[in-house]
Each structure stands twice: as structure tokens, then as C-alpha cells.
Amino acid sequence: MAFSSCLKFYPFSISQAVTLTHHSFSLNLTPPSSTISFASPHSAALSSTDVKLLDSLRSQPDDSAALRLFNLASKKPNFSPEPALYEEILLRLGRSGSFDDMKKILEDMKSSRCEMGTSTFLILIESYAQFELQDEILSVVDWMIDEFGLKPDTHFYNRMLNLLVDGNSLKLVEISHAKMSVWGIKPDVSTFNVLIKALCRAHQLRPAILMLEDMPSYGLVPDEKTFTTVMQGYIEEGDLDGALRIREQMVEFGCSWSNVSVNVIVHGFCKEGRVEDALNFIQEMSNQDGFFPDQYTFNTLVNGLCKAGHVKHAIEIMDVMLQEGYDPDVYTYNSVISGLCKLGEVKEAVEVLDQMITRDCSPNTVTYNTLISTLCKENQVEEATELARVLTSKGILPDVCTFNSLIQGLCLTRNHRVAMELFEEMRSKGCEPDEFTYNMLIDSLCSKGKLDEALNMLKQMELSGCARSVITYNTLIDGFCKANKTREAEEIFDEMEVHGVSRNSVTYNTLIDGLCKSRRVEDAAQLMDQMIMEGQKPDKYTYNSLLTHFCRGGDIKKAADIVQAMTSNGCEPDIVTYGTLISGLCKAGRVEVASKLLRSIQMKGINLTPHAYNPVIQGLFRKRKTTEAINLFREMLEQNEAPPDAVSYRIVFRGLCNGGGPIREAVDFLVELLEKGFVPEFSSLYMLAEGLLTLSMEETLVKLVNMVMQKARFSEEEVSMVKGLLKIRKFQDALATLGGVLDSRQPRRTYRSR
């Protein structure tokens with residue numbers, strides 16, 4: 001018979017959802033047990049012989065021993081065991097996945113004419129499900145029907161469906177539903193509930209609602225589980241309003257509410273950060289239906305408050321929890337620790353860990369991983385390592401997340417040697433590195449210029465069976481390009497296609513930028529053409545790389561053509577684009593054009609940055625247009641979005657010291673520069689000092705030198721040395737000493753465009 005008339009118009013089809021990630025709707029906070037257990041349906045009294053054999057089977061150390069004992073007993077004359085004995089050995093074999101032996105036992109039961117029912121076959125299909133072999137389940141049912149003459153009943157069918165849904169075998173659920181009428185199964189409320197759960201997991205809420213609404217036509221009334229499943233489906237889809245509408249239907253049906261139903265709605269509110277609404281809902285249900293929060297309710301509230309950043313309120317809920325006789329569990333503490341870590345309050349998070357242990361609540365891997373990851377991000381790698389040792393001492397084995405956090409922390413603090421040692425330790429302990437592990441180490445090696453070692457790490461990655469990703473290749477290409485080894489970078493680029501790894505815009509942009517910096521601009525242009533042919537659209541990073549090359553080479557015409565092409569292809573130039581073009585114009589001595597472009601950008605409503613201002617200010621100083629340069633700098637000061645940076649101040653100071661204005665103006669500007677927290681370039685400071693000495697303004701020079709030493713945080717010994725030389729009027733020696741210390745304070749840096 002047809003399962004549901006509504007399915008003529010809304011067929012039960014979840015084929016599009018077969019590959020969906022499993023989303024558990026279970027309210028359990030603890031993971032399900034890995035062992036399965038079944039209660040024997042055969043409760044008839046066993047003979048004393050069978051009781052002894054049953055006890056012996058249960059006492060065997062392993063499943064093989066149990067099977068040997070059973071086979072030995074079966075060879076005795078007149079061996080005719082009760083079904084309970086067969087089911088016991090089936091259970092033992094099922095736990096170890098001995099499916100062939102299980103089938104042989106079932107055939108023995110048939111040949112010995114032992115009483116058999118569908119419940120016996122449930123043991124076999126549940127064992128398959130335990131080992132994630134759901135594909136075998138339907139063939140077992142066909143075997144049961146064809147070879148044993150047993151037809152599945154509603155209970156068997158519901159249990160089978162549930163196993164398929166829980167194993168995310170949604171396509172098999174669809175097939176099973178199609179066979180329902182063939183098997184002559186009459187659905188009950190549980191059947192509908194399981195099928196509705198399958199539809200919700202497949203994100204097909206509309207058919208799930210239609211199925212719920214069609215239940216009365218079968219003389220069935222939706223129960224609490226029916227409504228709760230649909231509400232959970234809506235919440236998983238991020239549609240709390242839809243869940244609340246189902247709640248109203250539930251009330252109209254007169255369906256009673258349990259803590260499970262209430263907790264689903266509480267979870268929905270908290271998931272959306274609406275913790276206050278969750279509390280109001282709890283109050284409403286308490287007044288109407290006598291609801292009282294349970295462990296799950298409290299945990300949901302604590303988690304919701306922590307995710308919203310209200311950790312103090314979460315701790316208050318924990319206090320209420322204790323008052324009501326509920327001990328916070330590992331889930332509660334993990335929520336609070338995670339919330340504190342997100343707020344950067346690591347010390348407080350560690351205190352909560354100590355409190356957790358004091359209250360006999362054992363931390364788990366999640367607890368430690370949260371703290372270790374946060375400590376590493378805060379550059380407290382030693383503390384994180386110590387915590388990992390504590391974790392191990394408590395018998396909790398570090399997992400891949402633990403190792404990855406520590407390795408990442410070590411790489412970020414440039415402690416690559418220890419990171420590699422930890423990587424080797426990770427493998428020796430049987431914890432397989434993942435893609436993230438390898439990518440971090442490859443990135444660290446590339447940043448240190450150890451490119452051969454990075455390639456060796458790539459080989460190790462392949463040998464371990466870990467899939468290379470586009471991130472892996474992009475990291476290597478970037479490393480080789482920065483080392484000016486573009487030929488090798490191109491080889492890695494070509495290798496991606498061989499290994500079936502798709503290139504993305506970052507891949508192309510990285511190599512194009514590397515080629516441009518190596519002055520292989522024609523190759524870069526060809527690569528951009530290839531990028532377009534492969535369906536990748538050039539973006540601002542692509543164009544900016546080419547633009548930078550032409551601007552540095554003084555080819556303003558080609559630079560302008562790049563900007564024109566960029567606009568024509570629907571890629572709007574940004575401030576980096578314009579800033580680069582302005583810099584190129586200024587280097588070519590076309591400061592007036594650059595100034596006009598600056599104003600044009602301003603008119604477009606684009607916020608100007610020092611990247612755009614600085615080249616024009618520098619160009620104006622070079623043309624001895626000091627007043628215009630200073631006015632432009634002052635204009636920058638008024639821009640709250642992007643005030644002058646250290647480079648801006650140094651350009652102006654250099655311009656003033658280089659004869660660009662009265663010496664008093666240069667002195668005043670140096671004071672302003674120091675007050676902003678910047679330290680001047682020594683070359684500019686030296687020019688100013690020479691000017692002051694020429695004008696016999698030694699006292700002013702001494703004051704300025706003292707201010708510079710204070711801002712640059714000279715040691716007492718360094719200050720004493722410079723002051724001593726100034727006191728005996730050895731100004732050149734004092735300036736030389738000052739310059740030497742400043743150079744050590746401000747080592748020359750190489751800036752790489754990103």
C-alpha cells in the first residue's frame with residue numbers, strides 16, 4: 001500500500017542529500033557507547049545445561065574462544081540449545097565484526113529448526129551498523145525473507161530505518177521506504193518519526209511537514225518526538241521562527257511537553273545568541289507546565305552566554321546549577337573555559353580548569369586543546385607545552401589538534417627546530433599529522449628560506465597519504481618567488497595539474513607577482529591570460545602586481561594602461577592601485593599630475609591613506625615646494641581614517657632638514673614627531689644637528705638629543721656616554737655614538753608587498 005498520499009505530490013526523495021555531512025539531532029551530551037547490547041526477546045526458562053553453557057560463553061575472554069566453546073558444545077549428541085544461546089554467541093561475534101561466522105550460526109539455527117524471529121536478525125543488522133556497513137543491511141533483509149521465510153514487521157522496519165538514518169545512509173532510507181508496501185508493513189508513529197528525521201537530515205523540511213500533517217489520515221497522532229524532530233530540523237537550518245511555528249502546532253494538538261522539547265527551543269534561542277529570550281521561554285514553561293531546568297538546560301544556557309561573551313553571567317548560571325543539585329560537567333566547564341579564552345582571559349580560564357579538577361570533574365582533550373590553542377596564540381608556548389605534559393600525565397593522549405596548536409605556536413615564535421622535534425614525536429606516538437600540520441611546517445621552512453627541506457616535507461606528506469591542497473602549493477610557490485626562484489616556482493605550479501589540485505586566484509597572483517618582481521613581466525602577462533582561460537578572473541592583486549612593476553620601471557604609460565584595463569574588466573581600482581600609480585608618477589617627476597590624481601580619488605569618495613599621500617609629499621619637497629608639502633601633511637592629520645604614519649613624519653622631517661624651510665620649523669617638527677611616538681632617521685637628524693651647530697644653537701641640539709634618547713629608550717650607560725661627549729663639546733663624537741645606538745635600535749628592514 002502507498003505509505004502516504006501526500007507523497008504522490010511530494011515524493012520521499014533524498015538523493016540530493018546522500019553525501020551530506022551527518023548532523024546529529026541527539027540531545028545527549030555524552031558520545032554514544034561504541035558497544036552495542038541487545039536484550040534477548042526469548043525470556044523462557046532455560047534448562048540447567050543451557051544456563052551453564054550461557055554462563056560459560058559469557059565468561060570467555062574473547063569472541064574466538066566463545067565460538068570455539070559453542071562449536072564444541074554443538075558436537076555433543078542431542079545438542080538443541082534455546083534461542084537465547086544462539087543470540088548470545090551472535091552478540092559476541094557481532095561485537096568483533098565476525099559477520100561470516102554470524103551468518104553460519106543463523107544457518108545452523110535454521111537447519112536445527114531452532115525457533116527464529118526477526119529479532120535474531122536485528123543482531124546482525126545492528127552489528128553491521130556498528131561497523132558503519134549500512135550498505136549490507138538491505139541484503140540481510142532480503143536474505144532473511146528469501147532464505148528464512150521471515151518478513152520484517154513494523155518494529156523491525158523501524159529499527160532498521162533508524163540505523164540507516166543514524167548512519168547517514170539517506171539513499172538507503174529512500175530505497176527502504178520504496179520497499180515498505182512490498183514487505184506489507186503497516187506504519188506506526190515511530191515509522192513516521194524516523195522518516196521525518198531522515199527528511200530533516202536531508203534538509204527537506206517541507207516534505208517533513210507534509211508527512212507530519214498526513215499522519216491523522218492513517219489514524220495516527222503525532223507525538224512529542226514527531227514535533228521535536230521537526231523543531232530540531234528547523235533550528236539546524238537556522239530557522240528558529242519555523243521551529244516556534246511547529247511549537248504552536250504542538251500546543252494545538254494538545255501534545256504534552258517534556259524537558260526534551262523545551263530544551264530544543266532553548267537550544268534554538270541560544271544558538272542565535274538570544275539567551276534572554278531563552279530565559280523568558282524557560283520562565284513561561286515553568287509557569288504553564290511546571291517545567292524545571294535540567295542538566296542539559298543549564299549547559300545550553302551556559303554555552304549560549306559564553307558564546308555571546310557574557311561569561312560572568314554564565315558563571316552565575318553555574319552557581320544556580322549547583323544550588324539546584326546539578327554538578328557542572330565537562331561540557332559546562334568547557335563552555336566557560338572556551339568563553340574566557342575567546343575574551344583573552346587565559347589566566348581566568350586556567351583558574352576554572354583548576355576549579356574543575358578540584359570538584360572531581362575530569363577535563364578531556366577538548367578542555368586542554370582549548371587552553372593550549374589559546375596559550376599558543378598568545379605566544380605563551382612554554383605554558384602551553386607544560387599544559388600538554390599535564391594532559392599526558394593524566395592519561396589523556398594528545399590528539400592532532402593538540403600537536404597542531406603547539407607546532408603552530410612554535411612556528412609563529414620562529415622556534416622551528418623544536419616544532420620539527422614535536423612533529424617527529426607526534427608521529428612516533430601514532431598520531432598522524434594532517435594537512436594543517438604539514439602546511440604549517442612547509443610555511444615555516446619557506447619563511448626561513450629552507451626551500452629544499454620544504455620540498456622534502458611535501459614528499460613526506462605524499463608518502464603519509466595526506467592529500468596535498470591548493471594551500472600547500474600556494475605556500476611553496478610563495479616561498480620560491482620570495483627567494484627569487486621563479487623557475488622552480490613555475491615547476492611547482494605545473495605539478496599542481498599533474499596531482500589534480502585546482503589552482504585558485506591566490507596561486508596565479510602569487511606567481512604573477514613573483515614574475516613581475518623578477519622582471520619577467522611578459523611571462524606574467526601570459527600567465528594572466530592563462531588565468532582567464534582557466535576561468536579565474538584577475539582581481540586587484542593581479543593588476544596591482546603588474547602596475548607596481550611598470551611604476552618602478554618608470555613606464556607610466558603602461559601603468560596607466562593597466563589601470564584602464566582593470567576598470568574595463570569590471571575590477572574597480574582601490575587605494576593601493578591609485579597609491580602605486582601616484583608613486584610611479586612622482587618617481588617620474590610628474591608630481592603635478594600625481595597631485596591632480598590624488599584630488600580625483602578624493603572626489604570619488606575613496607579614503608586616502610599614507611600610501612597615496614606620502615609619494616606626493618616627498619615629490620613636493622624634492623621640487624622645493626615646502627609650503628604645499630606641509631599643507632598636504634596637515635591635511636593628512638585631519639583625516640581620522642588614515643593619519644600620517646612613521647614614513648610620513650620621516651619624509652617631512654627629511655624635507656625640512658634638507659633645506660626645505662626655516663631651521664626652527666624643522667626643530668618644532670622633530671618635537672612633534674617624537675611626541676607622536678616615532679624616532680627620526682639618523683641621517684635627517686644629523687643634517688639638522690649640523691645646521692644647529694652652524695647657527696651656534698648647541699643648547700637646542702642638546703635638548704633634542706636628550707628627547708631622542710628618551711624616546712629610543714637608551715640604556716643608562718648609553719645616555720651617560722652621549723651626555724659626557726656633549727658636555728665636553730665633542731658634538732661630532734656624540735652624534736656618531738647616538739647614530740650607532742639608533743642603528744642598533746632600528747635595524748634596516750626589508751618590506752615586501754603582499
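Each Cβ is built from the backbone N, Cα and C atoms, and glycine gets one as well.
As the structure is a computational prediction, the values presented were derived from the model and not from experiment.
As recorded in Swiss-Prot, the features of this protein are as follows:
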REPEAT    82-116  repeat 'PPR 1'
REPEAT    153-187  repeat 'PPR 3'
REPEAT    188-222  repeat 'PPR 4'
REPEAT    223-257  repeat 'PPR 5'
REPEAT    258-288  repeat 'PPR 6'
REPEAT    329-363  repeat 'PPR 8'
REPEAT    399-433  repeat 'PPR 10'
REPEAT    434-468  repeat 'PPR 11'
REPEAT    469-503  repeat 'PPR 12'
REPEAT    539-573  repeat 'PPR 14'
REPEAT    609-643  repeat 'PPR 16'
REPEAT    645-680  repeat 'PPR 17'
TRANSIT   1-72  transit peptide
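Note: the repeat 'PPR 4' (188-222) comprises 27 helix, 0 strand, 8 coil (DSSP; helix = H, G, I, strand = E, B). Looking only at the repeat 'PPR 6' (258-288), the predicted model's pLDDT averages out at 91. Residue counts for the repeat 'PPR 11' (434-468) by DSSP state, with H, G and I taken as helix and E and B as strand, are 26 helix, 0 strand, 9 coil. Sequence-distant contacts of the repeat 'PPR 16' (609-643) (same chain, six or more residues past either end, CB-CB distance under 8 Å): 575-576, 578-579, 582-583, 585-587, 589, 591, 594-595, 598, 601, 651-652, 654-656, 658, 660-661.
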